[in-house]
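So that you can see what the record holds, here are the features copied from TrEMBL:
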type	residues	note
BINDING	Asn67, Asp142, Thr163, Lys164, Gly172, Lys173, Phe174, Gly175, Leu176, Gly177, Ala178, Lys179, Lys498	ATP binding site
DOMAIN	380-539	domain 'DNA topoisomerase VI subunit B transducer'
REGION	1-37	region 'Disordered'
Amino acid sequence: MAETGNSSESPPEAKKSKAKTSRKPKESASSLKQKSPAEFFAENKNIAGFDNPGKSLYTTVRELVENSLDSAESISELPVVEITIPMNFISVIVAKRLAKEARAQEIQAKNISLGKKGKEPQPTRVIKGRGEASFYRVTCKDNGRGMPHEDIPNMFGRVLSGTKYGLKQTRGKFGLGAKMALIWSKMSTGLPIEISSSMKGQNYLSFCRLDIDIHRNIPHVHAHEKQDNKERWHGAEIQVVIEGNWTTYRSKILHYMRQMAVITPYAQFLFKFVSDASDKTVTIRFARRTDVMPSVPLETKHHPSSVDLLLIKRLIAETSKQNLLQFLQHEFVNIGKSYAERLIGEMGPDFSPKMAVKSLTSQQIVRIRQLFRQAKFDDPSGDCLSPAGEYNLRLGIIKELHPDMVATYSGSAQVFEGHPFIVEAGVSVGGKAVKQGLNIFRFANRIPLLFEQGADVVTRTALKRINWNSYKINQTQDKIGVFVSIVSTKIPFKGTGKEYIGDDITEIASAVKSAIQQCCVQLKSKIVKKMQAREQQERKRNLSKYIPDVTGALYDVLKGMAQSHASKKKRFEAEDAELLGKVSARLVTKETLMEKLAQHVEQVDYEMALEYATQSGVSEEPRESIFLQSLEADDCYVDLHNPAFVFRLFR
């Protein structure tokens, strides 16, 4: 019976074992999975600058501010940006519960799409060890272009969709903008983002409340409606509640705002951090200093030396041109008709100007790419770029740092790997809130770079490739500000966070060095003149200090000579005798000599100072306050630009 029992139980076990082994191939076959862009960035949020709550707060502020500036500049409107960060009043427990629910919903939606069944997945455990979490409602309001009503959900709720993906100079690093802030909000609080927007001339205001379906990369709209716009306001106002850490990243956020005010002196910023404790509340206004704005960056075409096979194939798929000759002429820069015909002739017998561009085979596309690498093309121009401008850079440095002296330089457009770039630099000496030694400020496409400074091309050039002593600048004791701004259609960032520019690109490294040196040459002449003026002042002080002693000694000598002349022991003639007679008659006294010597010292000092002022272009006229009349909206004028000033001619 025991054997029978064992034999009767063995088949189910074998069946069970067989069933287990049969599932393995099925699981292996279904192991190929796909992730949405939103899911990828949610899992790798450090790539976009959301490493931790503190940096997430900083990155959120940065992305919203840069979007606001782009929006205002796109319609040539002087930017007005307001950032408010009050600590949110939702409790930590509620926020964590909302975040857990949001994560659980995402996991459940993912399981349903994969066809899995079973119990509801457990929510992710909250990470401990970071201290008590804090939550902030970040609000950013601007006076920019605004957004079309229908496009708002996709502009915020669909990752890798936007208006900055053409070949042009842009502030964005990944094209994520506020989308990543929304993803972080979804992960940390579960609360939706709120957007209010209106375009110029619209009589309604678009309001949208949404979050994002991370697994499917689509917006989840809670509310989307049109409201009255009685004030005819245009721009956007974005509110998002996120987990953050103001304490650890306070200095970084304020440093970012200050540097942004340096590179955009034509913008007005108002930053408010509101805390329950009044002594911890921060309000800073960065006033506008000028109304001269850089030109709007222009979208350009690709340079033949900068394209690869995938890009050529994409251009072929998207082009509206029919034949190869038209394709080469209109889809690339610096290829005219005659040069395009010459290129086609060098491609071989399989190519002709009239052949359909859509019919090109993979081998033919490879041949085009090879020819692009071998042929010589003119460098692309920098007309599509929009640097801050030497005038704005100088104005921003003076406005924020108040240096003793400053020099700026803007280089001409240069090229690396087929992409044009322009380097602008400024070097200042002295100023407030500036530490001794080198203080380096880096900008890429007119946005500040605050992290990973040590590996950046600007830092390495300033520290190792500039001989500051040769320009009369003490690298360790003087307060030196080094400002370098690089603009390009492609910034060669290094690292996953895109926080610095490597010094391995020779063209950029040499352009940065040359720009800093040009500034130093200007400063050297100013410093030398200042040293000469200081030496003159020192000579004056020394002469004035010895006037009493020299006067006493000189008067004693004259008095002795007068006595000798009167007693006829020694005779003096003409002017000498007249002077000695005045000494004997006490018409010339010690006080008289002292007064004459003091006047002589003053006269010599005045002549030297006048010569110095003439050389340095400083007027000797007294300075008076000048009040300029404010401009009206209908004023017509023409701006004549100079590195140091803008001359405005009214019509």
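Cβ atoms are placed via backbone N, Cα and C, with glycine included.
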*Including all protein chains displayed, how many Cβ atoms other than that of Lys498 (ATP binding site) lie within 10 Å of its Cβ?*
19
*Ala178 (ATP binding site), number of other Cβ atoms within 10 Å*: 21
_If I take every residue in the domain 'DNA topoisomerase VI subunit B transducer' (380-539) and average their pLDDT values, what number comes out?_
91
